[in-house]
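Engineer: What TrEMBL records for this protein is below:
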ACT_SITE  Glu1300  active site, proton acceptor
BINDING   Cys100, Cys103, Cys125  [2Fe-2S] cluster 1 binding site
BINDING   Cys165, Cys168, Cys213, Cys215  [2Fe-2S] cluster 2 binding site
BINDING   Ser401, Val402, Gly403, Gly404, Asn405, Asp417, Leu457, Arg477  FAD binding site
BINDING   Gln833, Phe864, Arg951, Gly1124  Mo-molybdopterin binding site
DOMAIN    286-467  domain 'FAD-binding PCMH-type'
Amino acid sequence: MGYIKPIGESDNLRPRKRGAAMIRSMFFWVEPELGPLELVESTRSFDCSTAPIPFLHSLSRELIAIFQIVSPFLGFSFSSTIQSSEWLCVYPLFFTLGGCGACVVLLSKYDPATDEVTDFSASSCLTLLGSINYCSVTTTEGLGNAKDGYHSIQKRIAGFHASQCGFCTPGMCMSLFSSLVNADKDASRPEPPKGFSKITVSEAEKAIVGNLCRCTGYRPLVDACKSFAADVDLEDLGLNTFWKKGNKDDSARNLPNYSTGDVCTFPEFLKSEVKSSVSTSHSHKPETIEYGWYRPKSIEHLHILLNSESFSTGNVKLVVGNTSSGVYKDQDLYDKYIDLRGIPELSIIKRTNDGVEFGSGVTISRAIEVLREEKVSTLVLKKIADHLNKVASPFVRNIASVGGNLMLAQRKQFESDIATILLAAGSKISVLEGLERVTLTLEEFLDRPPCADRTILMSIFFPSWASYNNILFETYRASPRPLGNAVSYVNSAFLAQTLIDEETGDVVVENIQLAFGAFGMEHAIRARKVEDFLKGKIVTSSVILEAIRFLKEGIVPKNSTSHAEYRVSLAVGFLFKFLSPLAKGLSEPGKIVHVELKNGQSHMESKNSDDIPIASRQEILLNSEYSPVGEPIKKAGAELQASGEAVYVDDIPTPKDCLHGAFIYSSKPLAYVKEINFKSSMASTKVISLITAKDIPKGGENVGFAWYFGAEPIFADSLAEYAGQPLGLVIAETQKYANLAAKQAVIEYSTDNLEPPILSVEDAIERNSFFQIPPMFYPKQIGDFSKGMAEADKKIESGEVKLASQYYFYMEPQTVLAVPDEDNCMTVYAASQWPEGAQAHVAKALGIPFHNVRVITRRAGGSFGAKAFRAMPVITACAVAAHKLRRPVKVYLDRQTDMVMIGGRHPTKANYTVGFKSDGKITSLHLDLRLNAGISEDVCKTNNTSKSAMRAPGDVQGSFIAEAIVEHVASVLSLDTNAVRRKNLHDHESLKVFFQESAGEASTYTLPTLFDRLASTPSYEARAKMVKHFNFENKWKKRGISCVPITYKVRTKQSPGKVSVLNDGSIVVEVGGIEIGQGLWTKVKQMAAFGLKELAEGSEDLLEKVRVVQADSLSLIQGGTTGGSTTSESSCAAVQLACNTLVERLKPLKDKMKEEKGVVPWAALIGQASAQGVNLSASSLYVPEPSTFRYINYGAAISEVEIDLLTGATTILRSDLAYDCGKSLNPAVDLGQVEGGFIHGVGFFLYEEFLTNSDGLTVSDSTWNYKIPTVDTIPKEFNVEFLNSPHNTNRVLSSKASGEPPLLLASAVHCALREAIRAARTDFASYVGSKGSPLTFQMDVPTTMPMVKELCGLDIVEKYLKSLA
């Protein structure tokens, strides 16, 4: 048994326990002979034999540690290490894919030979604990914390309003810190101004390129990163708490100071320990660790291990960076790990004139560094380095090895970019098979059958081609994201040696190597037939066309390949892009002409839109009428989130004897479940219990969720009704064990006497599968459709719009901890938007009174609707398990399970008939809407996962359908789309017809003003003209611009509030609303300070005295659901009422004291009130007026996009948002909601493919195959303007909602994309073979890269070349 023990500490890095039982920082040294884990200043011990030490990121968000490790669980990743420990805060376990960046830490290694420290970011969920031997680990709380002071990174993240739910923020901080540390170590860079780093603005923008955030929209995060750059213009940065726009002189002075070396990543005394350990470790025997972790020191040592008797049985894994587990998840436990990084032969770097040889264990990041060295770099090597920099994310590249990537390509058919580019470059590899070392070309290596598990890839040679003349080398990739974590649809690399005919100037191909990968074959291939054809040829359009014909014969994806035709088209486009500059008279795809209007004249210049820096502008009118309400103060708890100290459910110290659960779910859409067994495996031995429907206690109900229309079970009893339905909950000692054990389940199904499942809306309609909708929800016809059609000049008899589903993709998973209590009670800690609902569902499931169930929610790490209703089955299942076993149980869904079980947005299909005048005025519309509700009782019933409310539910579909119809009308009439939009905007009278009392007063109808503010201006007209110029000048890239208006009806809800003033004058506030990242606590704090301001003296600031505390279903009842964008204002209204009560009680006392003493400080007033027995706690229930509780939000947006016709890639060049926020309760918070909602919508319209298999089981179930927007996909220029609508007494201090309505504005991107595609289709319409109208076409949601390419034409290259012939 191995243990961890601290070996040293310094004054400023002492381990401490505090509120959430976290450690500030520690250094660890692990020895096999030590006793149970001992903590300095702690009486706790931790036995590694009963709780595993698996994954890096659970050691603590705050930890700085050095490890020499021995443990029976060293093969577990650091992210779940000591997951059940009571004294450590954890990094997220949710993803374990290396795809989100939430668990990024800084690893530091010390080389005593050179006395150098290497610092690099790493994804802790992939980093095995055993692999950090002799490493120092720095996490975000090691940078700064509440007790010792926050780091400037954390302060700036908070001050730039760059944290919302906060779950991803620690990883953001560490990615940025890693970038700053490494930039500042570069001695070749000039010294920066005081308070800044050596990092550049361009580098700072990319510092978080691999980190995911669902809340912020990234813009404020980018600004926080750029604030450290030496070359930044601070006036270009957005809204922050450090200076006001225009006060340039104050900006740098007010920024939290940054100083190189603020954090020592590898203290001196640790270096001494490393030196000492190295001097005593020169053994010639394999370094063998007792409990399954082996680190051979040579190839010979490796052979000894592999051929030993102990390795003839059991599960063995050879590892370097372990990043493969992010793609190919472990299906079972391993009892032996061999760490190959201790073998010197696998870490070699040999530079020669012919190229560079890398040992297979060299990381991708290190290879990039070497290839960019001035003494090494050639055209070929530099291009390879540039391409490698687009592979994975920085924190993955830093630990992933080049050799590991190639082995995945060879063994697992991984779509490797590295294999493709090295194949084109003519790389060779060295392989060790047994005792024989074999040198192969990479092509030979890939063509072999999958290597045996114990075959070792020794080295890879990267040829430089330095001795060759006239070498051309290019690499290409098309992927859902330009940078970051995204596997290519197709990758390719081409190397050519050319000659120039001196007489004609023609280019002759002397030699050429063409490699293609990721297109649906087993591995990357050389296009040999194309190469043979091109050799010796003069490059002309006809030669390229013939080469394409040969290419299409060789590039044939397998039948199961998604977007097969698109991938072939990509390969064609890349070959054309490479060859076209060599031919005369061809329009070159790589040459882009950018058009600007200067002094009324068009000005053209070459410019790549990918290189445009991110810029932004915010125009906000501040309101001090209700101060501090209305002020853009920073979000409450932002620093806590940045430092990792904010406590989410999984951060709650694990109770003694706590068990963990993982769901088993059905893989069949409609089948009887006959039996559940487990495979014989290491993981299945860890199963303690399997909780099923049979374990619902007597008197309890198998109801996971119930609503107006019906109920869903916690577990399927005997019949599984959809793929993804929970069948049972596996219980084990750790989450890791539970997750792996659940994968061992073998389910026996039967479909005897069952009808085929209904998996689509079309099936539901055909088989009349509908839920009975209550009459109150029936749609109401407005006007006379027949009359309107008779008045129409033109008609569209049959139009169609389709919108797919969208997954919630919150950063914190569905998480719950259920703790049995005395007297048959249950305490539940849940990440829930609806604690009151959770209380009711748990009580009914257990058959106990509501008062026996206490549900506590402090905060949730993002929700977007899923933690209201869809959380209920998870919460109730956990409670049932805890009730049966009488032990605490925690359930923390992994990403795959969450995506499969939880569902998402309703897929929608709309068919319409529309009549309209010749000027575009719509006279009539009939719309048939079909929503796939899944198994939920809501419209069409299908055997799919339940669909539920998701940010802007229904509204985003409805708003887009309206825009699609308007665009269809405009295309039929060949009119400007914006003119048709303006023609069909409501006036206030028509608004009242459609929205009744929600329309409000005429003065509050601001939509025409907002739309005209954007679309009816000279600026917009000039931009539209520039777009036309650009499209005329550029063949292979097109742009589009569009402006859309939105209306969004919301309703305020009743909400409770409680305000208590403690004896020292501090104020505690409870509200029914849950802080889910929307800034509810911040606004509530402001409202409490405003509501009590009358009692304070003029200079006293009550804001810092206010604390908002967690929701507790037994403390504050009638909390309702947090959602619908109005919970913040309802909670504020409740707090205002409670404050009014306190003012009524205290005002007479203050007046009396003022008469006697003059000035009455707040503390004196409260002290006297307490002494006199005045009730200092007031509760309230805000109930909005029935006649005015609904109102409408308005906004408009312009977006301008650019598409690449060869790949279908879309770049959002600029988005301008104008939004009526009323009198904002906090403009900074609302700005974040507007920007975040917009980018959330961009994901829905452009990127996020929610895919299922033929049984309806979700297959886009990870960060690998489901792509939300990242920092490299947001608008290059992102501008937001708030319009403060007139005073309105029917709303809370005249404020309006901001959480959901802005998501609808993202349809402007989709509409601009349609305009760009129209320009492309028009351009190619005259070519032979073109079919259909270039202006009218169906464009479904999401419009991903393959769809854009398909709509532009999969064969446009061939058509273009044929036209030249």
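Heads up, the Cβ atoms here are built off N, Cα and C, so glycines get one too.
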Engineer: Counting other Cβ atoms within 10 Å of each Cβ, which of the binding-site residues Cys100, Cys125, Leu457 scores lowest?
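Structural biologist: Checked Cys100, Cys125, Leu457; of these binding-site residues, fewest Cβ neighbours within 10 Å: Leu457.
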Engineer: Counting only residues 6+ apart in the same chain, whose Cβ is under 8 Å from the Cβ of Asn405 (FAD binding site)?
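Structural biologist: Once residues fewer than 6 apart are set aside, Asn405 (FAD binding site) is near Ile364, Val391, Phe414, Ser416, Ile418, Ala419.
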Engineer: By CA distance, which of the binding-site residues (Cys100, Cys215, Gly403, Arg477) lies nearest to Phe864 (Mo-molybdopterin binding site)?
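Structural biologist: It is Cys215, whose Cα lies nearest.
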Engineer: To the nearest whole angstrom, what is the C-alpha distance linking Arg951 (Mo-molybdopterin binding site) and Leu457 (FAD binding site)?
Structural biologist: 48
Engineer: In terms of Cα spacing, which of the binding-site residues Cys168, Val402, Arg477, Gln833 are within 10 angstroms of Cys103 ([2Fe-2S] cluster 1 binding site)?
Structural biologist: Cys168
Engineer: State the Cα to Cα distance, in Å, between the residue listed as 'active site, proton acceptor' and Gly1124 (Mo-molybdopterin binding site), rounded to an integer.
Structural biologist: 7
Engineer: Can you count the other CB atoms that lie within 10 A of the CB of Asp417 (FAD binding site)?
Structural biologist: 27
Engineer: Hey, what's the Cβ neighbour count for Cys165 ([2Fe-2S] cluster 2 binding site) at 10 Å?
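Structural biologist: The answer is 27 other Cβ atoms.
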Engineer: Round to a whole number and give the Cα-to-Cα distance in Å for the pair Cys213 ([2Fe-2S] cluster 2 binding site) and Val402 (FAD binding site).
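Structural biologist: Cα-Cα, rounded: 28 Å.
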Engineer: I'd like to confirm something. Which of the binding-site residues, Cys100, Cys125, Cys165, Cys215, Gln833, has a Cα closest to the Cα of Ser401 (FAD binding site)?
Structural biologist: Cys125
Engineer: Provide, as an integer number of angstrom, the distance between the C-alpha atoms of Cys168 ([2Fe-2S] cluster 2 binding site) and Cys100 ([2Fe-2S] cluster 1 binding site).
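Structural biologist: Cα of Cys168 ([2Fe-2S] cluster 2 binding site) to Cα of Cys100 ([2Fe-2S] cluster 1 binding site) measures 8 Å after rounding.
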Engineer: C-alpha of Cys125 ([2Fe-2S] cluster 1 binding site) to C-alpha of Asp417 (FAD binding site): distance in Å?
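Structural biologist: Computed Cα spacing between Cys125 ([2Fe-2S] cluster 1 binding site) and Asp417 (FAD binding site) is 23 Å.
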Engineer: Please tell me which one of the binding-site residues listed here (Cys100, Cys165, Cys215, Gln833, Gly1124) sits closest to Asp417 (FAD binding site), measuring Cα to Cα?
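Structural biologist: The smallest Cα gap between Asp417 (FAD binding site) and any of the binding-site residues is with Cys100.
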Engineer: Which residues in the same chain, at least 6 apart in sequence, have a Cβ under 8 Å from the Cβ of Gly1124 (Mo-molybdopterin binding site)?
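Structural biologist: Non-local contacts for Gly1124 (Mo-molybdopterin binding site): Val1050, Arg1051, Lys1053, Ala1297, Glu1300.
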Engineer: Nearest of the binding-site residues to Val402 (FAD binding site) by CA-CA distance, picking from Cys100, Cys165, Cys215?
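Structural biologist: Out of the listed candidates, the nearest Cα belongs to Cys100.
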Engineer: Note the Cβ centroid of Gln833, Phe864, Arg951, Gly1124, the recorded Mo-molybdopterin site, then list each other residue of that chain whose Cβ lies within 8 Å of it, in sequence.
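Structural biologist: Result: Ser863, Gly865, Ala866, Ala868, Ala949, Met950, Ile1076, Thr1122, Gly1123, Ser1125, Gly1299, Glu1300.
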Engineer: Using C-alpha atoms only, work out the spacing between Cys215 ([2Fe-2S] cluster 2 binding site) and Gly403 (FAD binding site) and round it to an integer in Å.
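Structural biologist: Just about 36 Å between their Cα atoms.
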Engineer: If I take the Cα of Gln833 (Mo-molybdopterin binding site) as reference, which of the binding-site residues Cys100, Cys165, Gly403, Gly404 has the closest Cα?
Structural biologist: Cys165
Engineer: My understanding is the cutoff is Cβ-Cβ under 8 Å with a sequence separation of 6 or more in the same chain; which residues meet that for Gly404 (FAD binding site)?
Structural biologist: Val320, Gly321, Thr323, Ser324, Ser360
Engineer: Around Val402 (FAD binding site), how many other C-beta atoms are within 10 angstroms of its C-beta?
Structural biologist: 27
